[in-house]
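Novice: This is the structure I want to talk about, given as structure tokens.
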2 protein chains.
Amino acid sequence: MNLDWDDITHVTKIDPAKDLPRDIGVLSETDAIIVGGSDGVTAENTLAVIEQIGEAVPSIPILQEPYSSDHVSTDTIDAVDLLAIPAVYNGDREHFVGKHLDLFTEVGNKPEELFGTGLPVLGDLIASKGLDAVARMADKIVGEGYVIQNIESKAATVSGVETAYTTEQVAGAALATEAFYGFPIFYLEYSGTYGGPEEVEAAASHLDDATLVYGGGINSRRRAREILDAGADAIIVGDCFHEDPEQFRATVPS
Amino acid sequence: MNLDWDDITHVTKIDPAKDLPRDIGVLSETDAIIVGGSDGVTAENTLAVIEQIGEAVPSIPILQEPYSSDHVSTDTIDAVDLLAIPAVYNGDREHFVGKHLDLFTEVGNKPEELFGTGLPVLGDLIASKGLDAVARMADKIVGEGYVIQNIESKAATVSGVETAYTTEQVAGAALATEAFYGFPIFYLEYSGTYGGPEEVEAAASHLDDATLVYGGGINSRRRAREILDAGADAIIVGDCFHEDPEQFRATVPS
């Protein structure tokens, strides 16, 4: 599926290890949903959430953003529209390219005698149906050039991020995305803290084809507006979806 | 300049630290030229070679492939059609993304008060003319997803390559290029040794948009043919250009 990022301004990030709010119908106000998290996430709880959301709001695109191959199964891959895979610029080699190569080496080399077995393999990321399935899965993957700015976050620990980027480095990573790595998405992740507009502006000045998304601490109409006005193409709202439906509604641009 | 890689089958790699052969007119038989090397390469000797070739065969596209920022100046950038920058899959983080981020952070943050000074700065990779020049330089850059297979080579040492890839890993890196990193070029580099067709076939099975190039030990019509028949879009011929014009001519597909 080719998502049109021009139509997407508000994205909800749902953590499968956290409780869903009572009224998930509020999701009808968002443009896309990303399912992902760190602690306590499994392929099973991810699939359960995807299925529940898919039933509640069937017309909203759903992406899975796995931090680990444990989060993924052939069932989760089949259930989502896209697999958004972070490549963390300010992390270690493993989390920019190492694990990605492991994934693609597995995907690219599955022997064809597994054609048609259809067995989901926990932790194994491919649909075992030969080269066509390889191409299909590869089409479902969208790369995210990621900068993790909250170094206290679990995401930072997992990805080997030791320092946040300066505004100049954020601009450089954005330009690298636009000019060299070609990820469709450039993602500024502040994980529950509010980073403000300055780095969004710096990144936006170098991004054209790539979609600029910002996540972190968006819990009000004012913050949502500030980040979008600074040049973000889309805001990612996570915590207040789980914790405060009124706050969540306020973040949706009118 | 947008090079049409569909038209390119034979590429000559010229090392500015090595002597040029007496008759450089033989270059009229190649489709494109890459100027680059390791030991003894400087921005000055690179520029000298580019200018000499540009005079001898003005219609052949010339790319610079720098391994170090010492190889590049605003003059070499202006003189070539494209800057081909390797991102080495089987090297260290520095040579896949670290140095690239340094480059783009410099390029993306040059203060506008340097507008119009036009001073070439050795080791400094940007044309100091503001955001337009940033976009122009970024347009000139083409990324190469690189696999270095000769671990005795200088290229391997410089890039932190400790082991060659298996055929399966080559396939995985090719798929990662096609599906995730989006480099226009996937480059199998054997640096003076002959790797043969097996890994070329493995890579070719996963490449569609990206151009597959192979370099290493091509010194005969037979080897040129074997690599192209295995699925390479283009062969890179280096050593025999410097050492044996008859051998070089034989590598050009008829």
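Even glycines carry a Cβ here, placed using N, Cα and C.
Bear in mind that TrEMBL entries carry predicted annotations, made automatically and left uncurated.
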Novice: Going by the sn-glycerol 1-phosphate site in TrEMBL, where B:Lys13, B:Tyr187, B:Leu188, B:Glu189, B:Tyr190, B:Ser191, B:Gly192, B:Gly238, B:Asp239 are listed, which of the candidates B:Gly25, B:Gly40, B:Gly172, B:Gly217 is also part of it?
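Specialist: Among the candidates, TrEMBL records only B:Gly217 at this sn-glycerol 1-phosphate site.
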Novice: Going along the chain, which residues six or more apart from B:Lys13 (sn-glycerol 1-phosphate binding site) have their CB under 8 A from its CB?
Specialist: B:Ile33, B:Ile34, B:Val35, B:Gly36, B:Glu65, B:Gly215, B:Ile236, B:Val237, B:Gly238, B:Phe241
Novice: Judged by the number of other CB atoms within 10 angstroms, which among B:Gly192, B:Gly238 is the least packed of the binding-site residues?
Specialist: B:Gly192
Novice: As a test of the contact definition, list every same-chain residue at least 6 positions from B:Leu188 (sn-glycerol 1-phosphate binding site) whose Cβ is closer than 8 Å to its Cβ.
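Specialist: Same-chain residues close to B:Leu188 (sn-glycerol 1-phosphate binding site) (Cβ under 8 Å, separated by 6 or more) are B:Val147, B:Gln149, B:Val170, B:Gly195, B:Glu199, B:Val200, B:Ala203, B:Leu212, B:Val213, B:Tyr214, B:Gly215, B:Gly216, B:Ala232.
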Novice: Determine, to the nearest whole angstrom, how far the Cα atom of B:Tyr190 (sn-glycerol 1-phosphate binding site) is from the Cα atom of B:Asp15 (Mg(2+) binding site).
Specialist: 15
Novice: Give me the Cα-Cα distance between B:Gly192 (sn-glycerol 1-phosphate binding site) and B:Asp15 (Mg(2+) binding site), rounded to a whole Å.
Specialist: 13
Novice: Where's the emptiest Cβ shell within 10 Å among the binding-site residues B:Asp15, B:Ser38, B:Tyr190?
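Specialist: Sparsest of the binding-site residues B:Asp15, B:Ser38, B:Tyr190 by Cβ contacts within 10 Å: B:Ser38.
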